[in-house]
Amino acid sequence: MQCPKCQAEVAEESVYCPKCGGRLDARHAPSDLKTPEADPAAPPAAEAPRERFLRAAASKQTDGEETEEQLWQGSYAKMAMIGSWAAGGLATVAAPIVLGVAGMLSGGGLFWLLIGLLVMWVLLVGLYFYRRFSVHYTLTTQRLIHESGLLWRTIDRVELIDIDDVTFRQDPVQRAFGVGTIQIDSSDTTTPKLKLPGIERVRYVADLIDDARRRERRRRGLHIEAV
């Protein structure tokens, strides 16, 4: 072998050149040594409990931000006052007969009867239109919204998770036409009891509110347990 400095011939087992004194193994530069690469099969470093908690909390918070969707929307039903319409029609037919038999239609009796019937029907129609246009209901996947009032508007928002009980009531006439009043009992401090009158397909709507309430409670409960 040759010395890398003076090119003199030296023995293979020599460490130093006998001519120039240079170290013969200097030609093996440290750069030739390769840095050991990380073993891809090695298990990852254990994650700290705090980092694991923060990652899980952020993931669950992102999952919990669901889009609020509308499930149902309605107002005071047209058939909700069917009982009042029937009573008004009966009074319109029966009053002249009764007063005629009693002999009270002579003179000004007929005039006052017509005035009374007119006032009755004006009140009934006015009450219907007031309820029809002053009451509005909206059910979403997270809330029940009740709007009431014509000139002065009142809006009650009840979180579905706060609803404890959903019941509905019907009189015999309303039952025949599928309308009724839904009552909501909740833990909401401002509206512990909320009545929704004039609901069409009242049984279906009551079941829809109850099912949405249970789904929201399960979703919130799973979210809390997971975090």
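Positions of Cβ are set from backbone N, Cα and C atoms, glycine also.
Outside the domain 'Zinc-ribbon' (3-22), and at least 6 residues removed from its termini, no chain residue falls within Cβ reach (under 8 Å). What TrEMBL records for 3-22 is domain 'Zinc-ribbon'.
The annotation region 'Disordered' is assigned in TrEMBL to 28-47.
Look at TrEMBL and you will find 28-37 tagged as compositional bias 'Basic and acidic residues'.
Per TrEMBL, compositional bias 'Low complexity' is recorded for 38-47.
As annotated by TrEMBL, transmembrane segment applies to 85-105 (among others).
Annotation comment: TrEMBL describes 111-130 (among others) as transmembrane segment.
Summarising model confidence by region, the domain 'YdbS-like PH' (130-209) averages a pLDDT of 91. What TrEMBL records for 130-209 is domain 'YdbS-like PH'.
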Same-chain Cβ contacts of the transmembrane segment (85-105) under 8 Å, 6 or more residues past its ends?
-> 113, 116-117, 120-121, 124, 173
